[in-house]
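Colleague: Quick one: the structure is below, questions incoming.
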Amino acid sequence: MGQSVVVLGAQWGDEGKGKIVDLLTEEIGAVVRFQGGHNAGHTLVINGKKTVLHLIPSGILRDDALCLIGNGVVISPAALIKEVSELEDAGVEVRSRLKISPAAPLIMPYHIALDQAREKAAGGKAIGTTGRGIGPAYEDKVARRGIRIADLHYPPQLEELLRTALDYHNFVLTKYLGVEAVDFQKTYDEALAFGDYVQPMKSDVAGILHDLRKQGKRVLFEGAQGALLDIDHGTYPYVTSSNTTVGGALAGTGVGADAIDYVLGIAKAYATRVGGGPFPTELDDAVGQGIRDRGAEYGASTGRPRRCGWMDIVALKRAVAINGISGLCITKLDVLDGMEKLKVCIAYEYRGKRTEYAPLDAQGWEECTPVYLEFPGWTENTHGITEWDKLPVAARAYLRALEELAGCPISIVSTGPDRDHTMVLQDPFA
């Protein structure tokens, strides 16, 4: 039987998953996306060349990797076409290697209009979505009024579905949110055209995955966002609209639990968050700004500056527990170079008591004050180091402490943005 590894974020997203997925896709059978949409931004740097992927799996830059998009992903037609075109213009063969589940829901123009109008209306209480229609598309999926890839190939059914959806959403857009209605004919024509475009890529993703496993092929499940943004397990309501945890890999592709052999959790050597929501270790000072500048902490999808803070072990332990993480990958270690001291949150003060467990709601998280353990920093340059013994003593001590505090071994350490700036301590596929 083949081996399957799930790669997912163990914080609030932006942990560097794309680079690690690309690293692990050598001699891979397939890479599959299982949740989210083009709100993800996976940045790859190979031989100094930067590529940002939002929807297509990061394995697309490997010539022999099959790339799959599962039923759990919501697809923007415009975003997919744009990304395919950009990659093909750069000489990457995409359409013969990209397979998309017919059960994947579409992000329609009215979803984008709803997302943006709601965020504007919310003002200071906005969640901080990317405004790309992800949430409203998932709403329609659950409400059973979503339009899926499969529907594009039955024009009469598509017309009926679209009229029903627009009757509902245009009422909300015009009467409640006070913005313009979305035009039926334009939306219908665009949907039909996309149906023709996507037809050659439409495939039974679940069936492909089952066959690959029988053939002994390696499969990598590529998560987007992070565990603490999970719709069920994250800092609700400041979360994304899908299951970013390991269960999403199963439901979002159509494989069983026995198909997963290893779960790799990606975490930065510090912590970041984009948008609203609780962030106990956030640094609103020169230290936080320094981390942001050195780490180039600006969103790959939105360009928004990321909130930066110290490593939060309480949050990380929760991510390890709810995902059954087998090993951790610590990224951006080099960003901490030159810092005199480092802090790690090992517990919270919550309503007068010390706790090592995170509250289950955003309000509870907001009331938490971090309890820190301090570590010496290092002055040496770790950028690009690929051997454990060549790391500064203090850097090794810091990593070993994270490993012990999180109760999970560190499998990979990343010391820079390039694929080669990595040390693999334990190969997840070994």
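Numbering starts at 1 and runs along the chain as displayed.
Including glycine, each Cβ sits where the backbone N, Cα and C put it.
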Colleague: Pick from Thr164, Thr240, Thr245, Thr281: which one does Swiss-Prot list with Asp14, Glu15, Gly16, Lys17, Asn39, Ala40, Gly41, His42, Thr130, Arg144, Gln225, Arg304 for the same IMP site?
Modeller: Thr240
Colleague: Between the two most separated Cα atoms in Asp14, Glu15, Gly16, Lys17, Asn39, Ala40, Gly41, His42, Thr130, Arg144, Gln225, Thr240, Arg304, the residues recorded as binding IMP, what distance in Å do you get?
Modeller: 34
Colleague: If you draw a 10 Å sphere on the Cβ of Lys19 (GTP binding site), how many other Cβ atoms land inside?
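Modeller: Excluding its own Cβ, the number within 10 Å is 25.
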Colleague: Just checking: which of Lys19, Gly41, His42, Thr43, Thr302 have a Cα that is within 10 Å of the Cα of Thr130 (IMP binding site), counting only these recorded positions?
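Modeller: Final answer, ordered: Thr302.
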Colleague: Rounded to a whole angstrom, what is the C-alpha distance between Asn39 (IMP binding site) and Asp14 (Mg(2+) binding site)?
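Modeller: Asn39 (IMP binding site) to Asp14 (Mg(2+) binding site), Cα-Cα distance: 11 Å.
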